[in-house]
Amino acid sequence: MESEKIIEERLKALRSTIALHDFHYYVQDAPIIPDADYDKLFRTLQQLEQQYPHLITPDSPTQRVGAPPLKVFARLTHQTPMLSLTNAFTEDEAIAFDKRIREALNVDQVNYAVEPKFDGLAVSLVYTNGILTNGATRGDGYTGEDITLNLRTIPSIPLRLQTATVTDQFEVRGEVVMLKADFEHLNEQQRNKGEKLFANPRNAAAGSLRQLDSNITAARKLTFFAYDAVLSHKDQPFFSKHSEILDYLKSQQFLVAQQNGTTTGVAGLLTYYHEMGALRLSLPYEIDGVVYKVDNLTQQETLGYVSRAPRFAIAHKFPAQEASTELLTIEIQVGRTGALTPVARLAPVFVGGVTVTNATLHNEDEVQRKQIMIGDTVIVRRAGDVIPEVVAVIPEQRPAHAQPFIMPDHCPVCGSKAARLPGEAVTRCTGGLYCPAQRKQAIWHFASRRALDIDGLGEKLIDQLIDRELVHTPADLYKLNIDTLASLERMAEKSARNLVTAIEHSKKTTLPRFIYALGIRHVGEATAKALANQASHLDQLMTLDIEQLQQIPDVGPIVAQSIIDFFSEAHNREVIRQLLDSGLQWEIPNHGVQQSEQTNSAVSGKTFVLTGTLPTMTRDQAKIKIEQQGGKVTGSVSSATSYVVAGSDPGSKYAKAIGLGISVLDEDQLLSLLQNISTGAQQ
């Protein structure tokens, strides 16, 4: 049996090894062993400590786990006050700060330490004989809340210092934040549980850190960044600069911002400010400015303090990304695809460096989830070039006259019915062929290659036609003449003549192409073909009810409802009538003959996926040949796929087909199959 001294040495070695791996994983973001090996080490430590509970030490990694809930936080007095920094909001104020420093020190230039200003919760960590013993919030700067148990759950906070300090007590200061990715993950969890979402990472970090139950804190991912240490007179001879303190903290396995640095003079300060402003959105954590500190510690002592802030440091703040203002009303904006988006009209507020009067509310569900009412005081966020959005309501400031928002059931632009399909968050205008807001998208789709295929009618030309009010619906394309088109930018008479010819040629089409060209939501090429096969006359298709539509291949309840909504809208029916009056026509296929041919084809009823580059024909040409013989072409490989036709550079679809055991054909094999008019063709 092992002696207790040997067990104690094993425990010490395990704790040291696990602490090293925690540092590599949580601080350096570069693990050096697999998770399974780490878990094995941790379980071994747990088992030994269960056998020898009297050998458990406060710095053991097992002691990070949550403790029983507290009833209230105790108060802790800071031995050295945690003072806040004076803020600078303009470059002039930063220039004035540098001038005061130079004059007070009687020097021409000053060396500064520069750091990002974290937007989190400032805390203090006290190490006694190298072991973390106390942790507290800033509080009022003199007294904070004892959150030691919660801080111990944060993996990036060392429970033991790597080397001994000169004094028995060593105090580290820094910021607890929630990384942006962890914030998104937490809010996703909150959303799935039907619980309130956090407005921003700072609120999430503060709320998580100030939990009376440290198990809740342990379950949320928090990160600690060290940015200073409180030096005693015994420590001071070992450091001459603030930047040296940060280097020491890194050596003790604290996480220190990579963007820290040093610079000289006010020009260096302002360069750093602008560099960090440009980096701000790409950083993994939120910052609300930068911090300038005189780097020389002797100079810091000379400058001293004023009131509740040091003279030797200042926070240069970025323009606020969040601000509160009154929500005056909610209007509906209709997008180019018919989406109805609620937009908040706001009392003007300066946020993110600009004056904001409008902010997106995304959709009806978001308005309800955030419990937004007209007349509320709301928090508006604008980060960089991101569209301003309302992130939260301040319910305590809700006036008695506040009104709930009701999503309209008709499009505010064209008056068509507005519908929201099952499972979708967006309400949409059903007047796709008529609605002015959807005009450009509707006409571009109508003329696209897979629809009516009007050669020469590109987006820029469509923009001109609509902006000059020459075209309002797709039917107006057939009223255009050479003289009108020749008057447009970059349209000579020859180009105009060619376009008129292309428009005229588009009148002879097929029913599947025409159905697809209408732009019915969720109706792609395959569904358009299925609809045309079921109802060879357009009038017949327009009168099918939802049950009849769902009998058609590829048409489920959502697609069926979308078709019903489209053809129920009088504006759409009028545009279709105008198109037919313009001379659009297609041959009525003889389904009996076609079915007979398809029945005898080895391709009939089979599902194909095309991938890669074929030697002698395009994938579109191959698709047409397959469909002519009753086959179906889809875009993804599944167990329902009959064949994958692979050319050169086939990609992942080929690999998936092999994995599922699906037959893979080359072009020659496909052509052979197409020529094999036999019901007994092998798969």
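Cβ atoms are placed via backbone N, Cα and C, with glycine included.
Copied over from Swiss-Prot:
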BINDING   Asp35, Ala36, Asp37, Tyr38, Asp39, Ser84, Leu85, Glu115, Arg138, Glu175, Lys293, Lys317  NAD(+) binding site
ACT_SITE  Lys117  active site, N6-AMP-lysine intermediate
BINDING   Cys411, Cys414, Cys429, Cys435  Zn(2+) binding site
DOMAIN    598-683  domain 'BRCT'
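Ranking the binding-site residues Cys414, Cys435 by how many Cβ atoms sit within 10 Å of each one's Cβ puts Cys435 at the top. Predicted-model confidence for the domain 'BRCT' (598-683) is 81, expressed as mean pLDDT. According to DSSP, Asp37 (NAD(+) binding site) is assigned to a helical segment. Within 8 A of the CB centroid of the Zn(2+) site residues Cys411, Cys414, Cys429, Cys435, the other residues of that chain are Val334, Gly338, Pro412, Val413, Gly415, Ser416, Ala418, Thr430, Gly431, Tyr434, Pro436, Ala437, Gln438, His571. For the pair Arg138 (NAD(+) binding site) and Cys435 (Zn(2+) binding site), the Cα-Cα distance reads 57 Å.
Of all the binding-site residues listed (Leu85, Cys411, Cys429), Leu85 has the fewest other CB atoms within 10 A of its CB. Cα separation, Cys411 (Zn(2+) binding site) to Lys117 (active site, N6-AMP-lysine intermediate), rounded: 46 Å. A distance of 55 Å separates the Cα atom of Leu85 (NAD(+) binding site) from that of Cys435 (Zn(2+) binding site). Geometry remark: Cys435 (Zn(2+) binding site) versus Lys117 (active site, N6-AMP-lysine intermediate), CA distance 49 Å.
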